[in-house]
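Trainee: Before we start, here is the structure in question, set down as structure tokens.
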Amino acid sequence: MTTDPGFWLLQTLNALQLSMLLFLLSIGLTVIFGLMHFVNLAHGALYAAGAYVAASVSAVAGFWAGLVLAPLAVAVIGVLLYGGLIRRMRRSGPMAQVLVTFGLIFVALDLTRLIWGDIALASAMPPLLEGRLSVLGIDYPLYRLFVIGLGLVVFAALAFVLGRTQIGAMIRAGVDNDAMAACLGINVERLFFIVFCLGCALAGLAGAVAAPLLSVSPDMGLQILIPTLIVIVIGGLGSLQGAIAGSLVYGFVQTFGAVLAPGLASVLIYGLLAAILVIRPTGLFPAKG
Amino acid sequence: MKRHVLAALGLATAFAVPAHAEDPVRVGLLLPFSGVYAALGNDIEAGFDLGLETFAPDSGFEVIREDTEVKPPVALAKTRKLILQDKVDVIAGVVSSGVLGAVRDAVHGAGVPLIVANAGNDDATGSACSPWITRMSFSNGQVNRPMGQWLHDQGITRVFTLAPDYAGGRQMIGGFVEGFTAAGGEIAGQEFTPFQKTQDFGPYLAKAKASGAQAVYVFYAGSEAISFVKQYDSFGMKAELPLYGSGFLTSPLYVNAEGPAAAGVVTALHYVPTIDTEENRAFVTAFEARTGRLPSEYAVQGYDSARALVEAAATGARGRAGLGEALRQVQFTGPRGQTSIDPATNNIVQPIYVYETVQGDDGMTQKILAELPARPDAANGCEMAPVAN
């Protein structure tokens, strides 16, 4: 193995970039789960929808318009989902919820195939982020640095909202004990609705960010679902710290696994998942003490 | 005058009757119309339909379509339905090698000829070959092996290889490595990435860069190919470490999704739409008129499968055994050039084109650099028996 420090810095940046992409995706899922005890397996489908909307919009109006419109469009899908399905399913138990949202994955898959076709699309990078930047002696693609930066900004913003604002305190109270929070006069149901839509918008944002990096294909939502679930199980359900920690663990294990033990790369993360489930069944940073 | 016309008409019908009195050849078209390979299935179907229309304009073929969903058990059930219930004379299609593996024993056991229109698994015309299975597409090794010699001739002696970790990926790279090392080249390193689980190729690209290779040779297809080519370009590696590969990497089916990132990538394939022959120009024009897009290698495989079937039937062969035997003798000059069936393995023998993807006036296009001569695969343990019931 090489001892060139540039090589290892490059791999660290790669790991960070993958982590931040997963963070954007898993934070929405984990907060929805933590607050609503609702398992939304269709989260990956929302991510795919975000990528498709971003690819279509950016072909007409440029990357930045897509980056803004995709989360909005997916939030609208979230509103429809909440009104039509989720609210009814709130009290029906995890098994029914898992089955319904699992079914939604396939509905979404065929809808994207009907609307956008089977051939994978691509979305162009914005000219501003097309080049490479020299970081400590290595050339790294600017767009990947943008993904890392965006992940950190979203993390900081959510940490601020959840930790320092009134609505954050209400969300934390709802996650901790929703019945008690309701008794204190917090409209928990409306809080759920806001959080659900925000979670959807973040999935859309993740899709829009991923579109220029990867290809946009109907099954992309299905492919990202398992990594996202691993992230939130490792990190601990329902917590921001858990989502970022889980994403970093996944990104680094996946990247350095591919470098150091390529034969084991695909198994390594599952091994770690099993180990964490045995040692700390609630994850690294569970929302409830 | 009118009487003459009527007489002529009557005469024509009299001659036409015997031909139409015959039952049409029943063809089962077994393709994925849903699932990850739906785009491929649709392209093959369009090519197949165009082939039937072009070479058998008065029909004589009845096509029954079944969707494999790219699931081996589903495909096997559909194959049994085609054989037992629809009583087809011949089956064409099959995109995934997994599906081919699942239906192989069913068609072999029932004695139904199968024209493979994609699935490139080397074993299907190697150790698991069958007199009933004729392949009109390609074999994984066939597409890549000649590229080894060609790349070495360009003065490249150290190469790093990358491919997804499944049988197809390993056979594609295996074929290349065989040709490249036989020519005197050296493999600087090899990686197989988790199939359909790799979103970020960054870690592997950095390894390729650090390996001291002069070039990178890869096989990826579909959405993985798009991600790979774009990420390779975004790291700015094309200038110092040129990218070569199996032609599926920059297939015309999705090269425009890769866009300028694919410019300068040199790959080898059995068909590109820019082949400058009369047969190909006619095919491209007809296909474009029909679908509004350029034909891909998948489309030509469907087209040639239909043509092979028509030519086999034109010899007068009927029934499963008759058509099976006739399919093995088929040879013609089509869009891909001179093609024939290797009697030792039932695999197609065809030239391989080395092409560079370049920016054209209307999206990306293919510039042919070399046409490598057609060579049959080694038998690889295939012992071909004659078609018999």
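Placement of Cβ uses the backbone N, Cα and C atoms for every residue, glycine included.
The transmembrane segment annotation in TrEMBL covers A:20-39, A:70-86, A:98-122, A:142-162, A:191-214, A:220-240, A:252-279.
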Trainee: With pairs closer than 6 in sequence left out, are the transmembrane segment (A:252-279) and the transmembrane segment (A:20-39) joined by 3 or more CB pairs under 8 Å?
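Mentor: These two stretches do not touch.
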Trainee: Quick check for me: are there 3+ Cβ pairs below 8 Å between the transmembrane segment (A:191-214) and the transmembrane segment (A:252-279), leaving out pairs under 6 residues apart?
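Mentor: These two stretches do not touch.
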Trainee: Using a Cβ cut-off of under 8 Å, list the residues of the same chain at least 6 residues beyond the transmembrane segment (A:220-240) that approach it.
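Mentor: Here the qualifying positions are 22-23, 25-27, 29-31, 33-35, 41, 43-49, 51, 105, 108-109, 155, 158-159, 162, 175, 210, 214, 246-247, 249-250, 269-270, 272-273, 276-277, 282-288.
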Trainee: Would you mind listing the long-range same-chain contacts of the transmembrane segment (A:252-279), meaning Cβ under 8 Å and 6+ residues beyond its ends?
Mentor: 1, 11, 14-15, 18-19, 227, 230, 233-234
Trainee: Taking residues 6+ outside the transmembrane segment (A:98-122), which of them lie with a CB under 8 Å of any CB in it?
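Mentor: Non-local partners: 39-42, 44-45, 48-49, 52, 55-56, 81, 85, 89, 211-212, 215-219, 221-222, 225.
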